[in-house]
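Taken from Swiss-Prot, the feature ubiquitin cross-link applies to Lys48. The domain 'Ubiquitin-like 1' annotation in Swiss-Prot covers 1-76. If you look up Swiss-Prot, you'll see 77-152 marked as domain 'Ubiquitin-like 2'. According to Swiss-Prot, the domain 'Ubiquitin-like 3' annotation covers 153-228. Per Swiss-Prot, the feature domain 'Ubiquitin-like 4' maps to 229-304. Summarising the annotation, Swiss-Prot assigns domain 'Ubiquitin-like 5' to 305-380 and lists sequence analysis as the type of evidence. Under the heading domain 'Ubiquitin-like 6', Swiss-Prot lists 381-456, citing sequence analysis as support. Swiss-Prot lists 457-532 with the feature domain 'Ubiquitin-like 7'. Annotation comment: Swiss-Prot describes 533-608 as domain 'Ubiquitin-like 8'. Summarising the annotation, Swiss-Prot assigns domain 'Ubiquitin-like 9' to 609-684 and lists sequence analysis as the type of evidence. Annotated domain 'Ubiquitin-like 10' per Swiss-Prot: 685-760, in sequence order, evidence recorded as sequence analysis. Feature annotation from Swiss-Prot assigns domain 'Ubiquitin-like 11' to 761-836; the stated evidence is sequence analysis.
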Amino acid sequence: MQIFVKTLTGKTITLEVEASDTIENVKAKIQDKEGIPPDQQRLIFAGKQLEDGRTLSDYNIQKESTLHLVLRLRGGMQIFVKTLTGKTITLEVEASDTIENVKAKIQDKEGIPPDQQRLIFAGKQLEDGRTLSDYNIQKESTLHLVLRLRGGMQIFVKTLTGKTITLEVEASDTIENVKAKIQDKEGIPPDQQRLIFAGKQLEDGRTLSDYNIQKESTLHLVLRLRGGMQIFVKTLTGKTITLEVEASDTIENVKAKIQDKEGIPPDQQRLIFAGKQLEDGRTLSDYNIQKESTLHLVLRLRGGMQIFVKTLTGKTITLEVEASDTIENVKAKIQDKEGIPPDQQRLIFAGKQLEDGRTLSDYNIQKESTLHLVLRLRGGMQIFVKTLIGKTITLEVEASDTIENVKAKIQDKEGIPPDQQRLIFAGKQLEDGRTLSDYNIQKESTLHLVLRLRGGMQIFVKTLTGKTITLEVEASDTIENVKAKIQDKEGIPPDQQRLIFAGKQLEDGRTLSDYNIQKESTLHLVLRLRGGMQIFVKTLTGKTITLEVEASDTIENVKAKIQDKEGIPPDQQRLIFAGKQLEDGRTLSDYNIQKESTLHLVLRLRGGMQIFVKTLTGKTITLEVEASDTIENVKAKIQDKEGIPPDQQRLIFAGKQLEDGRTLSDYNIQKESTLHLVLRLRGGMQIFVKTLTGKTITLEVEASDTIENVKAKIQDKEGIPPDQQRLIFAGKQLEDGRTLSDYNIQKESTLHLVLRLRGGMQIFVKTLTGKTITLEVEASDTIENVKAKIQDKEGIPPDQQRLIFAGKQLEDGRTLSDYNIQKESTLHLVLRLRGGDI
């Protein structure tokens, strides 16, 4: 039979094998084809490293299966593993080792079975099938080992044939783990399994607890039939595309396949079948789409149009829509803006009530048309109840209803017994005997429903004095509840308590399970000193808001206070201090924000924009970003999509390498711009740096290192500050922002180091408007360097600058001393208008 072997570079090799071949035989065939010695090959299948002495059939590897080939880098490295008892274990590993391999090494040393081990790094639980390099674990990193207490829980998996399988799992198991357990029991490859719970298809990377799957829950197993079927997609130009699909594929999957074939981003695709627009989350079988069915592809034109919606109060809302949007879509947009549930909205145009399933173009609604919004009034009022799985329930209630009554209504709708319900509003747990009006719950308020897990557990709270308190809690308890229990035991008011777990401050409205706090976990209690402080928040409209805060408040807490005062949702807020965007998880003291400091509030406009990232393999990734995102944020989004660690990414735009701390708008990157992604190759090379005294320094570098990085390495070795270093190669002065590969500097190349004498000089640059700029320069600076300094001061790109001195236009590669430009000389700056000069 044939199998495929995929390398990390994306290359796929085809091998002729037999099911009885050993892994050793397969590696020999790879050596014959690719020249890679077997001892440098590691083969992975279904997230598991394959052992030499086993056969393909031992691993249920069938025809057209794909193995993954990872190369062992010679040499390896040491890492440390710290247990909860404080013991530290040293392991010899390679960056390409999987977490599973690491657990096996721990078992060899400590005798702990892998299925009882949980490894934590940088606060994240590590998954068996991933490698150390996937998590950027480097030499001498420390992992933390937490033991899984035996027991977990049992769940059931029911197949379409009616057979029920029992599995031993833990709430923290991923769906991928569950599929692997099903494979172990039933031999069904994970890629042929679809798991359904509460009517929802479960995603591989999520955990059982993400879906609120509890002990003795039943999942449904649907098999993906191999081979699937063909369908056709017809475009408006008449072109027909053939796709290989399965009836269980979602519309989202189909759009991704169309993107692979045609390069059309999914958000620009609308698929129509039997006159109906298909929704992303539904499957082909939901729409009864069978083999050789034809779908119609309509492109969403970017930009669409604006329409207005006028309410009975006279308020006018502006919406971005497309003529192909359904009335249902429009109501959803109104809900996003105004919070009015679609079932309370009636839309009127030209005296006619609009029906949900029709489109704007069906009613001839064009740009800048005005719709009228009429609310359906109910008796009493409506409130919403949001569950942990994200489902929202609508209830008809009255302000005088007790919490007990509300729980009974939830039982009627959802079948959840009242004694398993906990209702939370404004971060507070609601008591049965109180009424909605006691808690100031008004129409369209949203309550949060948390289920009580039967049984509870004990946790410990350690104070700074060393005292340890034991608390009886449930995983669904909020941090606020925990603080109340501490107050009951110790008399410390909740507003003076700060609880820390895994180095993170815990927020009142979150639950213990949100932070993965399990039985016998230890929290740390730190007391807040009374008093706090005031800070100011200035908006773009010039309004200043005063907030009462503490230095230990997180940015997330501050945004919540702004929401309380101004009604602006936190996800639309960006806070700036000292020119820096503040991150949610950090505290005010992390940024040295003191009393009476002023923060600046910038609103994120909903929707942001799309940009494209093109890799060297030609693959194009689509990202949702905002102009205010930093390059660091963008690299994190690429990591989320592609798994490439940020420190291996170099992003290029307009020929320039982008710096982590700058934003997209700093580089004038706009919607639908394309960035280029270049990978930093690990391993690097040696170069030499020769000083004027004749001394030669050896440096370990990578071709992707910037000149700035190289100067930092020289500073580490020789103590010379980067701003006093000038590096020369092939007679050319090297610029900080460029890379070694930009200058074709290869292994064992020699750079020359010239020192800048301190002091330099000042020159003046006069613009046509009469403005004079002062620059700090040196006689050895090139004209290119000078233009870069002008860009830093004035924001004018170098390619739009022409510099004149003594009636002569200055050339980029020459230095100031070449033109005899001395201290306090005046240059003249003329701007090049695109397409010609002025």
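Glycine too: its Cβ is placed from the backbone N, Cα and C atoms.
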The domain 'Ubiquitin-like 6' (381-456) vs the domain 'Ubiquitin-like 1' (1-76): three or more C-beta pairs under 8 Å (separation of 6 or more)? no
Residues in the domain 'Ubiquitin-like 3' (153-228) per DSSP class, helix first, strand next, coil last, are 18 helix, 28 strand, 30 coil
Where DSSP helix means H, G or I and strand means E or B, what are the helix, strand and coil counts for the domain 'Ubiquitin-like 11' (761-836)? 18 helix, 31 strand, 27 coil
In the domain 'Ubiquitin-like 8' (533-608), how many residues does DSSP call helix, how many strand, and how many coil? 18 helix, 28 strand, 30 coil
With DSSP, how much of the domain 'Ubiquitin-like 7' (457-532) is helix, how much strand and how much coil, in residues? 18 helix, 28 strand, 30 coil
Give the one range among 77-152, 457-532, 533-608, 609-684, 685-760 whose Cβ atoms make the most pairs under 8 Å with those of the domain 'Ubiquitin-like 4' (229-304). 609-684
Tell me, how many other CB atoms lie within 10 A of the CB of the residue listed as 'ubiquitin cross-link', whichever protein chain they belong to? 14
With the greatest number of Cβ pairs under 8 Å to the domain 'Ubiquitin-like 7' (457-532), the stretch among 1-76, 77-152, 305-380, 609-684, 761-836 is 77-152
Per DSSP, the domain 'Ubiquitin-like 6' (381-456) contains 18 helix, 28 strand, 30 coil
If you count Cβ pairs under 8 Å, which stretch among 305-380, 533-608, 609-684, 685-760 touches the domain 'Ubiquitin-like 2' (77-152) the most? 609-684
Along the domain 'Ubiquitin-like 3' (153-228), what average pLDDT does this model show? 81
